[in-house]
Amino acid sequence: MCEAKDLEAEETVERSVDLDFVLVNELGQFGRFQIKYICLIALPMMSSGFFGDYVFTATALPHRCRIPECGESNKSDVFGPDWITNAIPRTDAGASCERYAPAQSGDNGSLLHCPIDLFDHLITQKCDEFVYDGVTSVVYDFDLGCKEWLRTLAGTLSNLGTLLVLPLVGYISDHFGRRMALLFSVFNTALIGVFKAFSVNYTMFLVLQLLQTSLGAGLASSAYIFSTELVGPKYRVLTSATSSATFACGEVVLGVVAWLVRPWRSLLLTLYIPVFLLLSYHWILSESVRWLLAKKKYAEARQVLENVAKTNKTNISAKSMNALLNPPTRNLKTDPRNLIESFFKSKILLRRVCTTPVWWITTTFVYYGLSINSTSLSKTVYLNYILTVAIEIPGFYTAVLTLDRFGRKMTLCSGFFFSAACNLAFVIIPAELTVLRLVVYLAGKFGISLVFTSLYLYTSELYPTEFRHSLLGFSSMVGRIGSICAPLTPLLTNYWLGLPNTVFAILGLMSGLLVLTQPETFGKKLPDTLEEAEMIGK
């Protein structure tokens, strides 16, 4: 009996060292201090939504061949004069890359009158110069007519930068603090965003596009860590969904500002100059107490903990404070297994490592692809984009309600299948039913947003503690392939208008079926070892 009491006492002491135990029992899991920080962190999280600016700065503009024979000498000439069908073949698309060859008569027309007999309608030729219907995109400034692959490269490079930034911002966050990682990302986001507005050619624009995300796209992950590290376990899923929702709010702000400020250079300045104000967080935000405790910066940790208690109007006992600031030294003898060796020895682990990255690729591909392609739904480009990103918010919070009620597999599988069904329906619905098409399109985005929020949790629960961080990071990193390819999907409409959504649907169905091959993790103990992970579902 005495030995049992001693063991219980030792367990209590060990648990008191854990910050989660102190939050639950003394400081408060979700008090005024946490709410204040989540509200402050909402601003940089919203700013991270501005990285999708390429949707508007590099948006496609209707364009056609310039016709010198008719007196045209400028790319801003009237886009649709009365005589245009005399010189250019009719097309339903917003762009024309061919014109009729000039006749051999040697005569010329004018901007007001250009007769049909000036052109040979039996011969067509590629455009040499272009006229554009609008000046709001880099397509006009840098003359990118009929260079769709080059135009979409802006989005591809932007998403490539989000892959490159992960190890850099992770190193800064772990070695110099969460606040330093946040400020580093804020500064680079604002500075390079402003520089981008003064690009003198498209090469400079593309380089800055890559640099901005390579050095600044850690803004979202830095803000996310700040918002979740000081809330109690009970509120982490809710806080995670709230962080995702504020990111979506940032995308809505991007759409609204782009609607009001059309010229792309002015748009970039309007978006990124205010981001410099977030550098004031150096004095406003305290460093993450978890990081301070991990780095043994106990004096600073004490100040933060006392501030949390004061703001939440709670108390932290001297015993708990002493336990947090003077953790027992542990002499654990561990013999860590090699990840690669375990990867090939365990068929179950191998199957999961081959499956989870496919979910991530599909999710990022469909998620970003639907946002990017929304601008071509109708002539209300800005409203379409705003609605498509706003629908993410109920998708994120729906995941909070379903994950702990219907399980991880049901939530994830339903999200994939529902999104796939909506994408297929969108292809089938006649073009004249614009409202119905928009509703179905938004429902597809809702489904994939539900998946996005659920994916982090389910993937992490499938892997053992000894490999969880590495394999979750691997899945997320490989998943960036989807976001890198998503900006290229508008090019598929050159072959068939419904092709992008058909591809989204096929990948969604495939990933939904792959979810069924994995076990349910809801209600199961989080596996610490490979053997425990292999036993899930058995």
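Backbone N, Cα and C define each Cβ position, glycine as well.
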If I go by TrEMBL, the feature transmembrane segment sits on one of 128-148, 149-169. Which? 149-169
Can you identify, from 41-62, 349-370, the stretch that TrEMBL calls transmembrane segment? 349-370
If you count every Cβ pair below 8 Å, which range out of 181-198, 204-226, 238-261, 382-403, 495-516 shares the most with the transmembrane segment (435-458)? 382-403
Count, for each of 238-261, 267-285, 382-403, the Cβ pairs lying under 8 Å from the transmembrane segment (410-429), and report the range with the highest count. 382-403
In contact by Cβ distance (the transmembrane segment (495-516), the transmembrane segment (349-370); 3 or more pairs under 8 Å): yes
For the domain 'Major facilitator superfamily (MFS) profile' (106-520), what's the mean pLDDT in this predicted model? 88
Among 181-198, 204-226, 267-285, 382-403, 495-516, point out the range having the most Cβ pairs under 8 angstroms from the transmembrane segment (149-169). 204-226
Tertiary contacts of the transmembrane segment (267-285), defined by C-beta under 8 angstroms and 6+ residue spacing from its ends, are 37, 40, 43-44, 47, 50, 53, 56-57, 179, 182-183, 186-187, 189-190, 193-194, 196-197, 226, 254, 257-258, 261
List, by number or range, the same-chain residues at least 6 past the transmembrane segment (495-516) whose CB is under 8 A from its CB atoms? 355, 358-359, 361-363, 365-366, 369-370, 373, 409, 412-413, 416-417, 419-421, 423-424, 426-427, 444, 447-448, 489
Residues of the parent chain within Cβ reach of the transmembrane segment (204-226), under 8 Å, 6 or more residues beyond its termini: 37, 41, 44-45, 47-48, 51, 54, 138, 142, 153-154, 157-162, 164-166, 168-170, 172-173, 178-179, 181-182, 184-189, 192-193, 195-196, 240, 243, 247, 285, 288
